[in-house]
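Participant: Sequence annotations record features per position, and here TrEMBL assigns transmembrane segment to A:12-33, A:63-85, A:92-111, A:141-163, A:184-206, A:212-230, A:242-264. Under the heading domain 'ABC transmembrane type-1', TrEMBL lists A:57-261.
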Amino acid sequence: MNKRTGRLLAGPYLFWMIGFVILPLLFVFVYAFTNSDGNISLEAFRTIFTATNAKAIGLSLELGLLTTVICLLLAYPLAMILNGLKIKSQSFIVFIFMLPMWMNFMLRILAWKQLLNKNGVLNAFLSLLGLPGIDILNTPAAVVFGMVYDFLPFMLLPIYNAMSRIRQDWIEAARDLGAGNLLILVRIIFPLTLSGVISGIVMVFVPSLTSFAISQILGGGKVLLIGNVIEQDFMQGNQWNAGSSLSMILMIFVLLSMAIMNLFQHDEEGTQLW
Amino acid sequence: MVKKTLSRIYIFLIFLFLYAPILVLAVLSFNRSDSRVSWGGFTLSRYVACFESESIMSAFATTLEITFCSAVIATIIGTLAAMGISSMKKRGQAIYLGATNIPLLNADIVTGISMMLLFVRFTNLGFVTVLIAHITFNIPYVILNVLPKLKQANRSTYEAALDLGASPVRAFFTVTWPEIRSGVFSGFLMAVTMSLDDFSITYFTKGAGVNTLSTMLYAQLRKGIKPELYALSTILFLTVLLLLIATNINGDKKVDNRLIRRVISAVIMLALFTGSVFVLVQQHRISGGGDRTITVLNYGKYIDGELLDRFERETGITVKYEEYEEPEEMYTKYKAGAISYDLICTSDYIIEKLIEEDELLPIDDSQLTNYENIDPALIEMSTFDPSHQYTIPYFYGTLGILYNTKDYSEDQVKSWDLIWDKQVSGHLIMTNSVRDAFSPALIACGYSINDTDPAHLKEAQMVLSRQKPMVSAYYVDETANEMIAENASLAVCYSGEAALAMDENEHLKYIVPDEGSNLWIDSWFVPKSCRNYQDALTFLDFLCDNEVALQNFEYVYYASPILYVQTHMDIDDRLNSAINPENRVTRNCEVYRALDNDTSAYLNTLWQELKSQ
């Protein structure tokens, strides 16, 4: 196979990508910059800058950031502990933590809905212990809960991968040179896992920023995220132009977070997820 | 030592966090009692119900089919693409890889919407559109798994093979393939995983009647959770657990694990393949009915399935029956030209809009031998069809208050005033449907529920925003379940939803407040896209038959416009105001009129403002 025929092998993919990735995005672009009569207009963009949408974007950013921070705080120590375990089959440990991710996304939300219910399992358990019940279903807290549960593996895996690549010699060398545990963590482990942390952040932040199903189900229809506004615009309100322009705004956020990720990641396999 | 204990505890806690929900569902799946907190004995009936449930099984089959087909096609295109990309110069590679990242890193909702916009422009939404969408987001995973293997592969051995006279194809299979095989395989598995788990993209690209597990569950979760789903979740979990343990154990022992892996992958492939064939055969059986086929679109669970079989037997006409959840969803897709049906059942105000847009064909009553069976009062009330020539009423009901008699007396709920009162704080469920939520508010301000004056609507919004802090949740389909479980004691909902809930919990009662409310009539109409007018009318006539209507009523449990049903139903049902609104009630009620585009957009804005407060 010479180089030219080799390149032809990517032909079907090129065709597919233009037809089903680029063209659809152009459609979003066209809808965003036209009005309902099909004329070019900025009307859709004007209508999206309302207090409602601003609040929805604000809340999405807030809950997305909160989810990301909680995931990071939970996953980083976990990755360190898992990495430190002197167990022969580390892959088995990782697999145990990944297993819930293989179950259907909706079933995982269903599980939390059952647990968090006012008359649900968690409260029955708490009252058995004589503790006061919690009532967070249908609040933003429940949405964050659900998102942390769903996206935690996305944070854990890249960090764990980065950490398992750190060679024990380096840490021992640092220790020989008199560094304490904290110093080793701050000066050696953290910088070496930074790329994992960054890709974990992006992989948690983007889906939690744009989620609409979790907020719909666990938020009881009271938590309006930007994803919910877009979904309503398309599926119920018949306002495709406004929905498209909001989608463009979302894309800007996604591009921004991708750019940040690229800034920190110089290694070749940066695009590889795990 | 302390540190070790601490990390053990930490691992355990995270472990608990991850597994407790799954375990709880597993335990509940064996619970005989419907309650979520008390144990009523061991049963396997949930599992039987799960396998008997048509919606679960067909969604499961569709999921397997989409997953398998999309993963195979994506693996082929992706592997070829990876080979092509690896033989490109650096710049070409960068461009391709950049584009590959788009579906990977873009928000799912944007990917889904963009494809929906493309598809509705050129074709109908359906199985194929979902398949295309899945292939599109699967390809990048394959490429990213194969490319590193190609980079590691030694190019010169391949060239050596060529020099020694092998054909490119032979050289590929004997030299390159063994080196990239593991990458192709993990790419395939990754594609399977992503496809199985996807919700958002499927949600936007699917047509009515096509459901994967995720979209089916989404609809069900909003409606209220059925115990069959616990069984489903447990089965899925065990399957995944067994598969992963199998692949993992043989990964540890080096006992000819290649063979074992091959066997396992062959089994997976075979399972997926037989599943797909099974589904294809079944679909063929359903659709292969000859010329006399009608395509019918109705709300979910809105007909007794036995009646469909009986109609097919008696007339020889095949019914392709599809369901949808939200009228607005149906309207949006209908207007986008994504649906073509012979007969559609939907809500009054949507029909009025469609009549204004001249989308309907008149129904010739003279061909309906059972037309006289319909209560003339109901036809009279169908003001959304002023000339009474486009629609046949199917079921009707009211919007009212469902309350728990343990907490409220009938006197208290006789008026809408109660739902604005501080005392209901924290246990009120408000309807999540725009017009139904505004109706009581408009009534509270002394206006008609069809008022279009922006100032009046704004006033109603003020009432609703004062109410919002007291509302525990905005629901539509989940209301019945939440009230049965007594998570709330007061709900604004439809009479049909209320009847269902009252059947399950004896403390619940339903009332239409004295100030009046909305009376809704769901009716059948024939869209202009109809291709089999005669047989569509035969189906309508069948539904208006006295005995058929009675049987259908006993299944659907909404008020029927067929006079015979009104006189022959069970005496308890007749007295149940949730099922059978009294005349006193219907006199005070109004049917929704279609809103003009400006008003409906303004109402939407007000609603979103309210929701974001």
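Using the three backbone atoms N, Cα and C, a Cβ is placed for every residue, glycine included.
Could you tell me the structural context for the features on the list?
Facilitator: Listed by sequence, the residues of this chain that lie at least six past the ends of the transmembrane segment (A:63-85) yet keep a Cβ under 8 A from its Cβ atoms are 93-94, 97, 140, 143-144, 147-148, 151-152, 154-156, 159-160, 163-164, 189, 193, 197, 200-201, 204-205, 208-209, 215, 223, 225.
Using a Cβ-Cβ cut-off under 8 Å and counting only residues 6 or more beyond its ends in the same chain, the transmembrane segment (A:141-163) has close neighbours at 63, 66-68, 70-72, 74-76, 78-80, 82-83, 94, 97-98, 100-101, 105, 108-109, 112, 116, 189, 192-197, 199-201, 203-204, 207-208, 211, 214-215, 217-219, 223, 225, 273-274.
Same-chain residues lying 6 or more positions outside the transmembrane segment (A:184-206) and placing a CB less than 8 Å from one of its CB atoms are 64-65, 67-68, 71-72, 75-76, 79-80, 151, 154-163, 165-166, 170-171, 174-175, 254, 257-258, 260-261, 264-265, 267, 270, 273.
Here the transmembrane segment (A:212-230) has long-range neighbours at 52-53, 55-57, 59-60, 63, 105-106, 109, 112-113, 116, 137-140, 142-143, 145-147, 150, 243, 246-247, 249-250, meaning same-chain residues at least 6 beyond its ends whose C-beta is under 8 angstroms from one of its own.
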Participant: Would you kindly list the residues that approach the transmembrane segment (A:12-33) from elsewhere in its chain, counting only those six or more residues past its ends and only Cβ-Cβ distances under 8 Å?
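Facilitator: Distal contacts: 40-42, 44-45, 240-241, 243-245, 247-248.
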